[in-house]
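Residues annotated as substrate binding site in Swiss-Prot: 26, 27, 28, 41, 85, 214. Residues or ranges marked as [4Fe-4S] cluster binding site by Swiss-Prot on the basis of sequence analysis: 45, 49, 52. Annotated Mg(2+) binding site per Swiss-Prot: 54, in sequence order, evidence recorded as sequence analysis. Residues annotated as S-adenosyl-L-methionine binding site in Swiss-Prot, with sequence analysis given as evidence: 87, 130, 131, 132. Per Swiss-Prot, domain 'Radical SAM core' is recorded for 32-214, and the stated evidence type is sequence analysis.
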């Protein structure tokens, strides 16, 4: 399956498939960990990470979905910062228009992505690239995404992940290493050792899971 065939076209120009929305809560991962945010979790992801914590390891056919208008989504927002996650947000052709619509309300927007797909989102939007090519070789990171990313977050499950991506990491872009949650008794010590060897990088610990908030 190529990237072009995976892009989901909107039912209307101002709508998009949504799995769930929630907030205010805190961002638990990456550069903005601890910030108060609202989440818009878009439906759908073909990447198939085996440890996916949002239900898409098998493609997510059982997950809830609803086509929502931008205006309805914006009415629900309560925080100054909005995180658009998934699933994989960049499979949706309507993503750039959604980001623009939220931006017109004066809110900051961050987008979480595997980087396998590309849409030209506004320059002011924050893009968190969490590459998954090492577990899904059929979905390599789009080269444009390495140049566009505002931060890179690498999930550490076996320890070799950093070696896979280190040559692609853009100079000056914040990089965080995040231990895979389900095996954290093993992956947290492993991640700490990697950080000692690469002290320019930072630790991401999925703070929301430790605090047991959405």
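Positions of Cβ are set from backbone N, Cα and C atoms, glycine also.
On a predicted model such as this, the values are computed, not experimentally measured, just so you know.
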Spatial neighbours of residue 28 (substrate binding site) that are distant in sequence (at least 6 apart) but have CB under 8 A: 205, 206, 207, 208, 209, 211, 213
Max CA-CA distance, Å, over listed substrate-binding residues 26, 27, 28, 41, 85, 214: 15
Maximum Cα-Cα separation (Å), residues 87, 130, 131, 132 listed as binding S-adenosyl-L-methionine: 13
Near-site residues: substrate, ref 26, 27, 28, 41, 85, 214, CB cutoff 8 A to centroid: 22, 23, 25, 29, 37, 39, 83, 208
Which of 41, 132, the listed binding-site residues, has fewest other Cβ atoms within 10 Å: 41
Winner by Cβ contact number (other Cβ atoms within 10 Å) across the binding-site residues 26, 45: 45
Cβ neighbour count (within 10 Å, all chains shown) around residue 87 (S-adenosyl-L-methionine binding site): 28
